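Enquirer: A single structure is presented below for examination.
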Amino acid sequence: MMQVTNKYPDARGGGDMEGTGSNGEDMQMVDDARLPLSRIVPIPANQLNLYRIVIILRLIILCFFFQYRVTHPVRDAYGLWLVSVICEIWFALSWLLDQFPKWYPINRETYLDRLALRYDREGEPSQLCPIDIFVSTVDPLKEPPLITANTVLSILAVDYPVDKVSCYVSDDGSAMLTFESLSETAEFARKWVPFCKKHNIEPRAPEFYFQQKIDYLKDKIQPSFVKERRAMKREYEEFKIRINALVAKAQKVPEEGWTMADGTAWPGNNPRDHPGMIQVFLGHSGGLDTDGNELPRLVYVSREKRPGFQHHKKAGAMNALIRVSAVLTNGAYLLNVDCDHYFNSSKALREAMCFMMDPALGRKTCYVQFPQRFDGIDLHDRYANRNIVFFDINMKGLDGIQGPMYVGTGCCFNRQALYGYDPVLTEADLEPNIVVKSCCGGRKKKSKSYMDNKNRMMKRTESSAPIFNMDDIEEGIEGYEDERSMLMSQKRLEKRFGQSPIFTASTFMTQGGIPPSTNPASLLKEAIHVISCGYEDKTEWGKDGWIYGSVTEDILTGFKMHARGWISIYCMPPRPCFKGSAPINLSDRLNQVLRWALGSVEILFSRHCPIWYNYGGRLKLLERVAYINTIVYPITSLPLIAYCVLPAICLLTNKFIIPEISNYAGMFFILMFASIFATGILELRWSGVGIEDWWRNEQFWVIGGTSAHLFAVFQGLLKVLAGIDTNFTVTSKANDEDGDFAELYVFKWTSLLIPPTTVLVINLVGMVAGISYAINSGYQSWGPLFGKLFFSIWVILHLYPFLKGLMGKQNRTPTIVIVWSILLASIFSLLWVKIDPFISDTQKAVAMGQCGVNC
Ligand SMILES: O=c1ccn([C@@H]2O[C@H](COP(=O)(O)OP(=O)(O)O[C@H]3O[C@H](CO)[C@@H](O)[C@H](O)[C@H]3O)[C@@H](O)[C@H]2O)c(=O)[nH]1
Ligand SMILES: [Mn+2]
């Protein structure tokens, strides 16, 4: 059923490849094996330098700009001017937070061939490290089992030694549907995996493989391929039918709850009150595939849930998986994906190992993050779902500082980093203590040296990775004199890991694997124990592992590791390693953004706030700035809304936020725009991001800012002040099989739509009013009007995708056309009739403005 021997030799020991033959070819191999497994591909210096110069220029211009703005109030519109200047200062600050972490962008390249040469040579047992892969799912109705099945299949078929891959599926919804479809998936994998490996196909998620509209015969020489492909396609369709049947069956819950095939009641009938469940499929003794080869283990896990126990959403699920996997397989590394993020490249694990198993990088790398890429997004990516600017610009920038943020999925972790240990930095960084010695010695320490270092041992468990394995511990305990301090370190371990000796012991096996001679039945029992709901009581789970306290557990988790001095790596090979789905209709997208922003606000008000947290530690300054940026951005919604309403007020009151401009001042305005434009263009140049993606990002910044971010600020405040807990509303992952993007036009009412709609309407009204006013007051008033119209149009252009989303798609007659026509019609009719409904209002406002100055 599961792996019980520790057959993973020390593979991270570094470049000491002994025992190679003495002839020249072998020597060459040894040399090659010593070459680095990855390299930094620098961005061309001329591009980067120009970019940096322009940033500095922009900074200088900005200073002059503000000097002018602050010293030149608008006499008759003091309030408007003050608000606008405050907003502008805030925008400038948030620009600084966003800009400077992009000072050292880099790219990277991996050498998979060298990795193979070093750790995975033909004819020898592979020395690659074992990896546990986590898949999280919660609601099979929103996260269709077929999608999860595809993710699981792509994992089982990954290009990595099968005995070193284990896949854990966490079911937070304790749904029998998830369980049964996983069982079907395990059966189908017996056919699917050998097919993938034989024909070396990509991607190895069947749905997406068969969906590809490419010439699948192109590089295939095997005559049998066509036939086998056809047969496999049929098999997959039958599999799909079985899954769909399960889904159909699950639509209506029987009164007495679900019963399993053997007639017993499904233990998870109440998702809020059920025991922990584990089922191991495939693997060691789980039967072979159709070619007679072993398959990776597949484990279903549904942690125990009881009323009155906090379960901490996804972070809690992930922590439960850390413990289960430590007990059952204990991979040295673990990689987690959301249920909809399948392996788009079967080489993903090897890519990650190019960094993790690198003797120099591996010791200090807490995780290797892959960019999130998506399928099924509408052609123009209306709601900036692909987040290209973030993934291709900001993250590359961070990679050059201390490493990219963790984004929740497609990320390979060093298990020790999740246990809350500090990185093992270079020997010079540390005092000459046992950590370094045992690293370099590579041999088990005798109990004597353990005794010598007992006090350091305690310290070390506080701060750095444990290097001893169980034999050492046992030997040590026998001859232990100072019982009290042993007890304390025992207590310390219990606090950190909880009350499972087996699990705690596994944490000392830094190369992964489980001790030999452990009996599978007792391991399973222990696995159930470590997922019980009370297990984390009186422990530090949530302070280590995945961090609790925010619905964006990802940011917090990565942040804490960086604060401990770990670095992370951004890995973006040409073929995207992971692909997921994204909510493409407006309402779902806004709700997703709301959750993210709320998560940020939660962090802002928590003790982990990057503004205050842990100075004097190992967090690099620019990395901190980037984290500050990701948690304060929701606040920008306040000045943003104000700023978007200002142009309309200007139009309605016939005032302006800028006084009559001199030529000298006008120059600064022009320089400002030019420098903004130039930094943008240069950024797109070094990153390779397209202008459309950039523009979408700008637009969505305004759309999100005027809706979701604003709500997040208030909900966050409510949480802090009134203790109202936040929800993790899962995004639906609809499978868009027809590919007609019907989802894009789905309209669901949510109050998130109100503020941007209001901003839009006000601006439209303002434009009508402004134009009609100008018409009435003759031609000298057209000049100032254009300034105001410009700002209004700026707002409307940014909100345009939102307007489109609001309109939906009714019978293919875009309602937006109707709206525009009504608008234009009213402008022209005003022009024709020359009436001015706002004239009295404006006069009133003028009077008030003057009063404001004089009094
Ligand atoms: O109680 C819960 C709630 C959610 N999930 C899982 O969390 C994942 C992410 O949920 P989703 O609704 O897809 O959120 P997204 O906004 O699309 O996810 C992004 O943002 C999240 C942080 O808000 C990260 O956790 C995700 O990894 C990242 O992909 C899914 O696999 C869920 O099954 C759980 O396991 N338990
Ligand atoms: Mn998602």
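Counting begins at 1 with the first residue displayed.
From the backbone N, Cα and C atoms, a Cβ is placed for every residue, glycine too.
Caution: TrEMBL annotation is automatic and unverified by curators.
Quick paste of what TrEMBL says about this protein:
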{"type": "REGION", "residues": "1-23", "note": "region 'Disordered'"}
{"type": "TRANSMEM", "residues": "49-66", "note": "transmembrane segment"}
{"type": "TRANSMEM", "residues": "78-97", "note": "transmembrane segment"}
{"type": "BINDING", "residues": "SER136, LYS142, GLU143, ASP172, LYS313", "note": "UDP-alpha-D-glucose binding site"}
{"type": "ACT_SITE", "residues": "ASP172", "note": "active site"}
{"type": "BINDING", "residues": "LYS314, ASP338", "note": "Mn(2+) binding site"}
{"type": "ACT_SITE", "residues": "ASP554", "note": "active site"}
{"type": "TRANSMEM", "residues": "631-652", "note": "transmembrane segment"}
{"type": "TRANSMEM", "residues": "664-687", "note": "transmembrane segment"}
{"type": "TRANSMEM", "residues": "699-718", "note": "transmembrane segment"}
{"type": "TRANSMEM", "residues": "752-775", "note": "transmembrane segment"}
{"type": "TRANSMEM", "residues": "781-803", "note": "transmembrane segment"}
{"type": "TRANSMEM", "residues": "815-833", "note": "transmembrane segment"}
Enquirer: Against which stretches of its own chain does the transmembrane segment (78-97) lie, if we need a Cβ under 8 Å and a gap of at least six residues from its ends?
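Expert: Same-chain residues near the transmembrane segment (78-97) but 6 or more away: 62, 66, 69-70, 625-626, 628-629, 632-633, 636, 639-640, 642-643, 646, 649-650, 653, 655-659, 849, 852-853.
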Enquirer: Ligand 1: which of the binding-site residues SER136, LYS142, LYS314, ASP338 have a Cβ closer than 6 angstroms to it?
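Expert: Near the molecule: SER136, LYS314, ASP338.
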Enquirer: Measuring Cα to Cα, how far is ASP338 (Mn(2+) binding site) from LYS142 (UDP-alpha-D-glucose binding site) in Å?
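Expert: Rounded to the nearest whole number, the Cα-Cα distance is 13 Å.
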Enquirer: For LYS314 (Mn(2+) binding site), what is the tally of other C-beta atoms lying within 10 angstroms of its C-beta?
Expert: 22
Enquirer: Other than SER136, LYS142, GLU143, ASP172, LYS313 themselves, what residues in this chain have Cβ atoms within 8 Å of the centroid of the UDP-alpha-D-glucose site's Cβ atoms?
Expert: THR137, VAL138, ASP139, GLY173, LYS314, ALA317, CYS339, PHE728, VAL730
Enquirer: Could you measure between LYS313 (UDP-alpha-D-glucose binding site) and ASP554 (active site) for me? Cα positions, answer in whole angstrom.
Expert: 12
Enquirer: Report, as numbers and ranges, which residues of the same chain sit near the transmembrane segment (49-66): CB under 8 Å and 6 or more residues beyond its ends.
Expert: 85, 88-89, 92, 99, 103, 668-669, 671-672, 675-676, 678-679, 682-683, 685-686
Enquirer: Short question: which residues 6 or more past the ends of the transmembrane segment (699-718) have a Cβ under 8 Å from it?
Expert: 383-384, 590-591, 593-594, 597-598, 600-602, 604-605, 633-638, 640-641, 644, 724, 726, 751-756, 759, 795, 797-802
Enquirer: Any of the binding-site residues SER136, LYS313, LYS314, ASP338 with a C-beta atom under 6 A from ligand 2? Give them in order, or none.
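Expert: Among the binding-site residues listed, those whose Cβ sits under 6 Å from ligand 2 are ASP338.
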Enquirer: Any residues 6+ beyond the ends of the transmembrane segment (781-803) with a Cβ under 8 Å from its own?
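Expert: For the transmembrane segment (781-803), the far contacts come to 382-383, 586, 644, 646-648, 650-651, 656, 658, 696, 698-703, 706, 756, 759-760, 763-764, 766-767, 770-771, 773-774, 816, 819.
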Enquirer: Among the binding-site residues SER136, LYS142, GLU143, report those whose Cα falls within 10 Å of that of LYS314 (Mn(2+) binding site); none is a fine answer.
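Expert: Cα within 10 Å of LYS314 (Mn(2+) binding site): SER136.
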Enquirer: Which one is it: of the binding-site residues LYS142, LYS313, which Cβ has the fewest other Cβ atoms within 10 Å in this structure?
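Expert: Among the binding-site residues LYS142, LYS313, the sparsest Cβ neighbourhood within 10 Å belongs to LYS142.
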Enquirer: What is the biggest Cα to Cα gap, in Å, among SER136, LYS142, GLU143, ASP172, LYS313, the residues listed as binding UDP-alpha-D-glucose?
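Expert: Greatest Cα-Cα span of the listed binding residues: 16 Å.
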Enquirer: Non-local Cβ contacts of ASP172 (UDP-alpha-D-glucose binding site) (under 8 Å, 6 or more apart, same chain)?
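Expert: Within the chain, ASP172 (UDP-alpha-D-glucose binding site) has Cβ neighbours under 8 Å at SER136, THR137, VAL138, PRO271, SER302, ARG303, HIS311, LYS313, LYS314, ALA317.
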Enquirer: How big is the gap, in Å, between the Cα of ASP554 (active site) and that of LYS142 (UDP-alpha-D-glucose binding site), rounded to a whole number?
Expert: 21
